[in-house]
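Report on the structure given below.
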Amino acid sequence: MPYLDRQNRICGFLDIEENETCGKFLRRYFILDTQANHLLWYMDNPQNLAIGAGAVGSLQLTYISKVSIATPKQKPKTPFCFVINALSQRYFLQASDQKDLQDWVEALNRASKITVPKGGSVPPATEITKPPVVPQAQERKPQVAYKTEIVGGVVVHTPISINQDGEGSEVGTHPLLRRSQSYIPPSATKPPAGPAPLKSGFCVKQGNVRKSWKRRYFVLDEFSISYYKCEQDKEPLRSILLKDVCKTHECLVKSGDLLMRDNLFEIITSSRTFYIQADSPEEMHSWIRAITSAVQALKTRPREMSFMRSTSAARPGGSSGPSQARPLAEERRASCRAPSTSSWQPWTPVPRAEGQ
């Protein structure tokens, strides 16, 4: 779902078609910056990217002529798809649901409307085509080595450095490049192992030692919440048992690095507090409700099982009562007869004396 960040910009994740008519969609983080007059998209939320990592694509809002929902003829097998018409090019994007689709279409149409100033003075063309404002933090690029790749016709610079949370030192492709949302159900990519998942999806988690933020795939089931490096992994990086969870709520008291994190919630356990960032406020509240409900269900389950055992044992007309009582009674009768039968001797006649 799109939401407003601290700079009052509309942000959120969408899938964008790599090239027109290719049918391959890639997950990107979009920022609708009306002040800079641009629609920008990044590999991930800029808060989670390295310092100096810029947008992988941009579109000037004044070039947009129309934003509309894609027809079944244009994209027959792509649900919740809309198209941005800009000059002679079309951009096809895919939302997560119907509400997400409507919100983005309305926001883009509203931002691309041409407004005439009240004074009647039209700003010069140089101001209209002004490039997006780059923050000073992004201008100072660190002196590090980069690995250059071409992904979908876009040049991607990947910094070659040690993984900050200690999970690996080699440079890998970004998780969002590996995951192209084509609405494949999780059961098709990951074989079910254990309880059925109650909720799953990507979130950003803070590391325990180096305090770095990494995007992870979370899966909540009846007994634990686990996170994986990517959606296709079979073994989790860690599992948090729900019986150890004390509380799950939105993180309102922030300090340090947490101050710049939107949609942040925390899972408090007996040994550690996990800070997790969702993609939108709706996703954050959805995770909080799901985890809280699962913890409550786990706490009430032992009481229900003990109650069912006590009622089944005390039920007079149960089917197992007579069958169990009959062997018990026969065993008691056998034990009572045991002393008399074991001491029984056959009767032997006493011979009579000859003199009588």
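Using N, Cα and C of the backbone, Cβ positions are placed for all residues, glycine too.
Those TrEMBL annotations? Automatic predictions, nothing curated.
Check TrEMBL against the ranges 119-139, 266-286 and you find region 'Disordered' recorded for 119-139. Feature annotation (TrEMBL): of 157-206, 307-356, the stretch labelled region 'Disordered' is 307-356. Sorting each residue of the domain 'PH' (196-296) by its DSSP state yields 24 helix, 42 strand, 35 coil.
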